[in-house]
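These notes concern the structure reproduced below.
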Ligand SMILES: NC(=O)c1ccc[n+]([C@@H]2O[C@H](COP(=O)([O-])OP(=O)(O)OC[C@H]3O[C@@H](n4cnc5c(N)ncnc54)[C@H](OP(=O)(O)O)[C@@H]3O)[C@@H](O)[C@H]2O)c1
């Protein structure tokens, strides 16, 4: 029986690493996983974990692939010995956190290039063959930050909002081709993502005024609490990827957590945006729970929303 050939970007750590391991060690032994990494020098943790998990020989192969470099994508594609990829996982991503004016030179371009254009490059490389074969699945690692904006994540959210449009557009087109696109919408996940954020946490903060800096520190305290309370382990999140991968008729969106759905729904129930902006501001900057109280005051002020909604993740993702 032919194995399902899966190629994943961004496997040096986090979700990509755990998904590669999960599939390569699946008891069915039905997956051949090409785990790709921007820099092969960082493949140690993946290979050690694969050995510890007892991944069968030939179930996992690492390839260099930088989503910012079309030549490196083509070179990786040429090394897929099966001559086809059944499941493409566009997972590589980079965060950018801080006041807009504090982002370092080049950071904005870099993040858009990885998160958005990098995904487009991958699709341009792999989609034509899937269409020709009238078969294929594309899984894209999405984010709550692509469904509702988070403060101090303007460019990151812009990149993840853009992925939503990209994938939704393709999903409509691809129906008759038998190719399915799914976005796996993740809330906060315990990975090295914050530490790897472009330009470091906050960027050049002294470029921002004192009031903005104060709001940023408040937001960071809020994030700490949200990640502590709502952060998921990558092992839990990758099961949602498997759900999408195995679905006979995959949906466009899968959610790793339902915790933030009330806020997402608020964006649509008041199309003016005013309700969402007010609730999100309250949650991020007047988070009494993050300051040590029970948060009751903040809830009362926000009026319409209840505790769980106000405490929905507005953390960097
Ligand atoms: N963690 C969260 O809370 C969260 C929430 C929602 C969505 N997400 C999304 O989940 C995805 C994976 O992130 P993660 O949480 O697992 O964090 P992570 O551990 O930092 O993984 C990100 C991966 O992307 C890779 N990458 C960055 N630039 C690349 C490039 N130019 N070419 C190829 N690979 C590149 C990184 O490689 P290097 O190590 O070589 O830089 C790393 O392997 C991202 O798309 C992120 O936006 C994360």
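We count from 1, first residue shown onward.
Including glycine, each Cβ sits where the backbone N, Cα and C put it.
Curation does not apply to TrEMBL; its annotations are automatic.
Per TrEMBL, the stretch carrying the note region 'Disordered' among 256-286, 287-317 is 287-317. 10, 14, 38, 143 are the binding-site residues among 10, 14, 18, 34, 38, 143 whose C-beta comes within less than 6 Å of an atom of ligand 1, given in sequence order. Looking at the domain 'Ketoreductase' (4-190) alone, the prediction's average pLDDT is 97. Neighbour density for residue 143 (substrate binding site): within 10 A of its CB lie 30 other CB atoms from the protein chains shown. Rounded to a whole number, the distance between the Cα atoms of residue 143 (substrate binding site) and residue 18 (NADP(+) binding site) is 17 Å. You'll find the Cα of residue 22 (NADP(+) binding site) roughly 27 Å from the Cα of residue 156 (active site, proton acceptor). Residue 156 (active site, proton acceptor) sits 10 Å from residue 143 (substrate binding site), counting Cα to Cα. The two recorded residues, residue 14 (NADP(+) binding site) and residue 143 (substrate binding site), have Cα atoms 14 Å apart.
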